[in-house]
Amino acid sequence: MSGNTLGTLFTVTTFGESHGPAIGCVIDGCPPGMGLTEADIQIELDRRKPGTSRHVTQRQEADEVEILSGVFEGVTTGTPIALLIRNTDQRSKDYGNIVETFRPGHADYTYWQKYGIRDYRGGGRSSARLTAPIVGAGAVAKKWLRERFGVEVRGYMSGLGEIDVPFVDWSHVHENPFFSPNAAVVPELEAYMDALRKDGDSIGARIDVVASGVPVGWGEPVFDRLDADIAKAMMSINAVKGVEIGAGFDSVAQRGSVHGDELTPAGFVGNHAGGVLGGISTGQDITVSIAIKPTSSIRTPRRSITKSGDEATVETFGRHDPCVGIRATPIAESMLALVLIDHALRHRAQCGDVETSTPKIAGSAT
């Protein structure tokens, strides 16, 4: 199956299925000499793992990572880094009723028509379970970006269903299971999810991600633009149906006199472009928003067809996230970090010695 690798110089190839013995990834292109332990990776995996609150899937996976290669005496060697996460709480019997039937909104039908075979247990390869290795690889990327350039990649939930979550402070994000930057909204989010679970339904979410400290110059026009690669990576996350960079779709209603970010000796006056111009980073914060659709696995009976093309009714059982967006923040952060480290290495390879006489201005004039 092709399409399992992300990146050009810093590559990540994932493997495994939701109910297989293990999942994992192979990272190639990581620079040598960086300190790296399983604890460095585990801290990020623990932010994404299931079973952490009543609002997410109750599948109990420890998601304990094993570093199989690429690290010697706690230091990266420059050779491929293999990460392994063993599946320990599969419950395949929950999927016995969909062996011959396609679940609406899932990849069951498309995988079957493309490959002529599918692993029906938890969605197999198409499961969001496969985002765990992405978060593991993202931990490596985050560490290198932070230590080498001071880049910080952080995210938060900015909307759940009809509820907007206004940003208050980053310190709130780690204090609740929603990654909400506004502690005052958390009780409303909890009540909303409790009612949704009783209804046997699901809902979508919006996640915002910000990368600060990114230098000017990263990105490869025309077809490997930084924002294009970010959009591709974000759309590779399960259930993501929309991506915005900067002002995004709000740009439609903005006039050029408003949208164009003016430059002054003191810095940029605005950041409607989201930190990217011409596919190249400006030195400002890179701002990304993603829209995540409602979970397709719900208890409400829905119409579908069987492999024979006959009408069928599907009721989904098993342990599922009523809103996959609740655990998506560390995944989106990881995807952004993976794109950034790849472009950092590509920039260093081609333009690392380039210097200009023009001062690098601040990301914000204020």
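Here the Cβ of each residue, glycine as well, is placed from N, Cα and C on the backbone.
The NADP(+) binding site annotation in Swiss-Prot covers Arg48, Arg54, and the record cites sequence analysis as its basis. Proximity of Arg48 (NADP(+) binding site) to non-local residues of its own chain (separation of 6 or more, Cβ distance below 8 Å) is seen for Asp63, Thr131, Ala132, Val135, Arg327, Pro330, Ile331, given in sequence order.
Annotation for Ser127 (FMN binding site): same-chain Cβ neighbours under 8 Å, separated by at least 6 residues, are Glu17, Ser18, Asn238. The FMN binding site annotation in Swiss-Prot covers Arg125, Ser126, Ser127, Asn238, Ala239, Gly278, Lys293, Pro294, Thr295, Ser296, Ser297, Arg319.
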Between Arg125, Lys293, which of the binding-site residues has its C-beta surrounded by the fewest other C-beta atoms within 10 Å?
Lys293
